[in-house]
Structures are given as C-alpha cells and as structure tokens.
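A.B. asks: Annotations per Swiss-Prot:
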- 25, 26, 27, 28, 29, 74, 151, 206, 325: substrate binding site (BINDING)
- 74: site 'Transition state stabilizer' (SITE)
C-alpha cells in the first residue's frame, strides 16, 4: 500500500485532504545532487544505468518532498530503440541521424522488442519502485507520436518544423505511416512501464502547439488516443495524463482521448480550463516555471492564485499542482522546496 497516494487519488478524482504536487523535470539540473552525478557520466548513460536513473528519480522526493516521482529518462529513447542514432548534449541540443524523410527511411526503422531495446528503463522502474518502498507513486512516460515524429524528420529540434510539415502537406500518407509506426512502439512501451511497476503514465506532446487545430486533430490526437486506449485496455485502473502543451483551444477533444488528466501550460487560466472541461478529468498544472525566479512572496502569491483559480473541490474534481512546463535548470532548489511546502499547506482549505 502506498503511504502517500494523494497524486493517484487526485488523478482518479477521488477526495483528497490537499492538492498533490510534483513538477516536470523535477529530477534535473537545478539540483546540485543531480549535477554531481552528471559530472561523472553523460546524459544517455545516466538514462541507461538503472542504479543512477533510480538515484536521480528519487532525489526530488527526498529533497523537495514532492508527492510523486517520475522515472528519469528521455522521450528520445523511443527513436533510438527504432534504429536512429541519438545524440543529446544537454547544453547544446539534440541530433538524430539519419533524419527520416523518405519511404525507404521509414521502412528502415524497426518496431523494437521493447523488453530488449528499452529494458534499461523497465529495470530502472523496477529498481526505483523497490527503493521508493511505497513512499509515493512512480510516473512512467513517453513522448507523443507527433513530438517524436518531429524529432525524427527534422533530425533534432526545430524552430519552424519545415521538414516535418513538408512531409505532412506533401506526403500525408507517408506522414501517417511514420506516425503510426512510432505510435505502435509508444503503446507497447507505456504498457511495459506499467507492467514494470509504474503507477501512472504521462504522454508528453511538447511540440503540440506547432500544429493548427485541424492538423492537430489529424496528425496528433488519433495517436494519443491510441496510446491512452492501449493502457486502458490492459490496465483500466492506471491513470493516464496527456500534456499537449498549449493546445488550449481543443482541451475538450484532448479529454475525449479517454485520459484521466489533462496537463495545462501556463497560457490558460486554470479556472477557464475547469469551466471548459467541468470535472470530467483531473487538471494538472499550471504555474509559469519562471515564477520560481521570483521572491518567496511572489512564488507564494502565484501558487495561491492557481489554487484559488481552480477553486473549491467537489466530489468529482481533481487537481494536481504542477508547472506549465519543466522546471528551469538555473532555478534555486530552495524556491521549489518553498513552493512544495506552500502548496501542501495552502491547498487544504479548498478540499
């Protein structure tokens, strides 16, 4: 039995004594303890060494007091497992070779045996669950098909997604073939993470806002739905969070994927999101990450505002406090600790 199951209760919209909190990228460069480990190893080796991945996954639980851990990994492990060469230099960027731009390139990508090619993530989950010893739930995750598609076609990050969109608009069938191939791997991968012990899954569509509403409906949402339903078919009680960054105009359709929670960027008032969605899903978010550069008073004021805007809980509501995107690497860890403690204290009155 979990000693602290608030995060899972909120996702399932069950009564909670307060609002649970975790933050995206909570295991990362803002923590000196993380940097000490990173000094001795490169990023992908850290992801691929279960003992180290476990250690950095648990750091924010012990140091910051967050209500959930998220397994330390990277969304691009899926691209690598499919046969792409992935180079991640934390300060300089990402390079994937060769970029996928033709039918022959797509054919060359493999549908990997997840237990084999991504076994190190599953081992890290098993080890982390053991060491966490039921203190808090563990989140598994994957990038969404559209986001992984953009990295594959662009060969890295991009400002305007020209190659990805060129394929979408000139060769839509080819684009769907690649998206479908990536999505099949994601579905298998997230189910394997649950099997290994993950208590919840988050799908990150980091580059969602690059698409128009109609294009998002065609090239992104169907695959997210496929991934959510894959988990639900096998593990109906495992909550799934969908974080389609800044897709504030189609929140209702994101909720229609069957997910348990919708992650929000900071560009929308959480009150407005709750008005749109009612209490049919849990909401996760959505403080601007740069608020953590502020004074203690400002951090508390902004956190209080998010809690106030979400408002009073009902028997069907759920809210997980988070940032609207990942914590920034140069934030003072003391500021996150302050935020976590404040949310724990301040949120009780809304429950």
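Any Cβ shown, glycine's included, is placed from N, Cα and C.
The model shown is predicted, which means the values in this text are computed figures rather than measured ones.
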A.B. asks: Report the member of 25, 29, 325 (the binding-site residues) whose C-beta atom has the most other C-beta atoms within 10 angstroms.
C.D. replies: 325
A.B. asks: Among 25, 26, 27, 28, 29, 74, 151, 206, 325, recorded substrate binders, what is the largest CA to CA distance in Å?
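C.D. replies: Pairwise Cα check on 25, 26, 27, 28, 29, 74, 151, 206, 325 gives a maximum of 23 Å.
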A.B. asks: Would you mind checking how many other C-beta atoms are within 10 angstroms of the C-beta on residue 151 (substrate binding site)?
C.D. replies: 27
A.B. asks: Can you tell which of 27, 74 has the most other C-beta atoms within 10 Å, given these are the recorded positions?
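C.D. replies: Per the Cβ count, the most surrounded site is 27.
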A.B. asks: Where residue 325 (substrate binding site) and residue 74 (site 'Transition state stabilizer') are concerned, what is their Cα separation in Å, rounded?
C.D. replies: 15
A.B. asks: Rounded to a whole angstrom, what is the C-alpha distance between residue 27 (substrate binding site) and residue 74 (site 'Transition state stabilizer')?
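C.D. replies: The separation of the Cα atoms works out to 12 Å.
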A.B. asks: Between residue 25 (substrate binding site) and residue 74 (site 'Transition state stabilizer'), what is the CA-CA distance rounded to a whole number of Å?
C.D. replies: 10
